[in-house]
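In TrEMBL this protein carries:
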type    : residues                                 : note
DOMAIN  : 3-259                                    : domain 'OBG-type G'
BINDING : Asn12, Val13, Gly14, Lys15, Ser16, Thr17 : ATP binding site
DOMAIN  : 281-364                                  : domain 'TGS'
Amino acid sequence: MGFRCGIVGLPNVGKSTLFNALTETAAAQAANYPFCTIEPNVGNVGVPDPRLAKLAAIAGSAKIIETQLGFVDIAGLVRGASKGEGLGNQFLGNIREVDAIVHVLRCFENDDIQHVDNRVDPIADAETVETELMLSDLESLEKRVPNLAKKGQQGDKEAKLAAVVLGRALDLLRDGKPARLTEANDVEERRVLDQAQLLTAKPVLYVCNVNEEDAADGNALSQKVFDKAKAEGAQAVVVSAAIEAEIATMPHEDRGEFLAELGLVETGLARVIRAGYELLHLLTFFTVGPKEARAWTVEAGSKAPQAAGAIHSDFERGFIRAETIAFDDYVACNGEAGAREAGKLRQEGKEYVVHDGDVMLFRFNV
Ligand SMILES: Nc1ncnc2c1ncn2[C@@H]1O[C@H](COP(=O)(O)OP(=O)(O)OP(=O)(O)O)[C@@H](O)[C@H]1O
Ligand SMILES: [Mg+2]
């Protein structure tokens with residue numbers, strides 16, 4: 001599948017530190033100077049899901065396998081990036097390839113860590129980055145829309161529609177607004193926008209990178225980011241990347257106590273991963289057996305054969321039906337046999353739209 005979140009922001013704000021914590025590695029070089037990262041670092045991260053342990057306990061599964069979400073640690077953007085400043089074109093190209101943006105904002109004071117603009121102001125930082133993304137989209141659409149319109153006049157219907165829809169995005173961008181606010185009246189129009197690969201059409205999660213002492217409750221700076229996110233209908237989370245990176249190197253059994261000392265119930269990373277998952281409109285279904293309890297990812301709205309295809313293309317090609325039990329029913333009936341007896345095991349066909357938490361067994365024939 002490979003859904004990917006790009007970690008984006010100004011230089012030296014903690015992107016690689018966050019990436020290392022997420023991937024529990026030191027794969028990305030994190031250091032106290034701007035433009036430490038040039039080539040993107042790519043890693044897959046298990047999506048924590050407490051339902052897996054419950055399913056495994058009931059079915060006596062030997063192993064738990066989480067579903068994966070990709071993260072890409074991208075180089076820092078600076079003012080002028082859309083004009084090629086600081087290898088801007090290359091970095092913007094890296095952002096174009098991801099499905100969603102995790103925008104890291106520096107919300108910590110620390111005189112030892114250099115800020116490219118010599119000030120700590122997450123709202124201004126966010127605007128700097130967003131402006132570059134908007135300028136890049138603006139420039140691209142100013143070339144594309146007239147070309148599409150011309151083709152439309154020559155009778156190309158697809159181009160005609162694209163010119164109309166992308167024309168709306170262009171108007172927004174000229175107004176200083178992101179393409180994500182573009183209206184789509186139907187599926188066709190939505191597809192035009194999805195395929196246009198606009199940077200500012202991608203969903204955004206703001207990550208407020210705070211000091212250790214603010215990891216639990218945030219601070220005045222992160223509050224400003226939350227207000228901004230709320231106004232935009234976007235999500236935000238508070239994380240101390242430095243602390244998370246430290247936790248990620250600790251043995252699992254020691255982490256709970258350390259988190260409790262910081263006043264945290266779970267790692268900030270768990271929240272980042274979950275929020276990233278929601279951002280992409282993904283949902284989870286399960287396969288459960290004695291060998292393993294496993295979570296899988298599909299896009300919301302996917303039908304049963306597509307879910308089968310997430311496991312193996314043969315399952316999709318030869319799809320017959322999916323024996324399906326809702327997670328709550330599976331737990332309430334203490335497993336498959338009980339669910340079957342209680343009439344909670346449903347035989348679902350090709351048109352079944354998968355629900356989050358479905359426990360599925362695919363019948364197929366190839
Ligand atoms: N919450 C935090 N508190 C204090 N220091 C932090 C925090 N998060 C990151 N740092 C420090 O900030 C510095 C820059 O971090 P990092 O290399 O992760 O930034 P980056 O955004 O990846 O930078 P670049 O764009 O140059 O690749 C490092 O010295 C790191 O330890
Ligand atoms: Mg970096």
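Any Cβ shown, glycine's included, is placed from N, Cα and C.
Caution: TrEMBL annotation is automatic and unverified by curators.
Helix, strand and coil content of the domain 'TGS' (281-364), in residues and according to DSSP, is 25 helix, 33 strand, 26 coil.
Annotation note: Lys15 (ATP binding site) sits in a helical segment as assigned by DSSP. In the predicted model, the domain 'OBG-type G' (3-259) shows an average pLDDT of 93. The Cβ centroid of Asn12, Val13, Gly14, Lys15, Ser16, Thr17 marks the ATP site; residues of that chain outside this set whose Cβ lies within 8 Å of it are Gly9, Pro11, Leu18, Ala30, Gly76, Val104, Asn209, Ala241, given in sequence order.
Taken in sequence order, the binding-site residues Lys15, Ser16, Thr17 that lie near ligand 2, meaning a CB under 6 Å from one of its atoms, are Lys15, Ser16. Cβ neighbour count within 10 Å across all protein chains ranks Ser16 highest among the binding-site residues Asn12, Ser16, Thr17. The Cβ of Val13 (ATP binding site) lies under 8 Å from the Cβ of Gly76, Val104, Leu105, Arg106, Asp125, Asn209, each of which sits 6+ residues away along the same chain.
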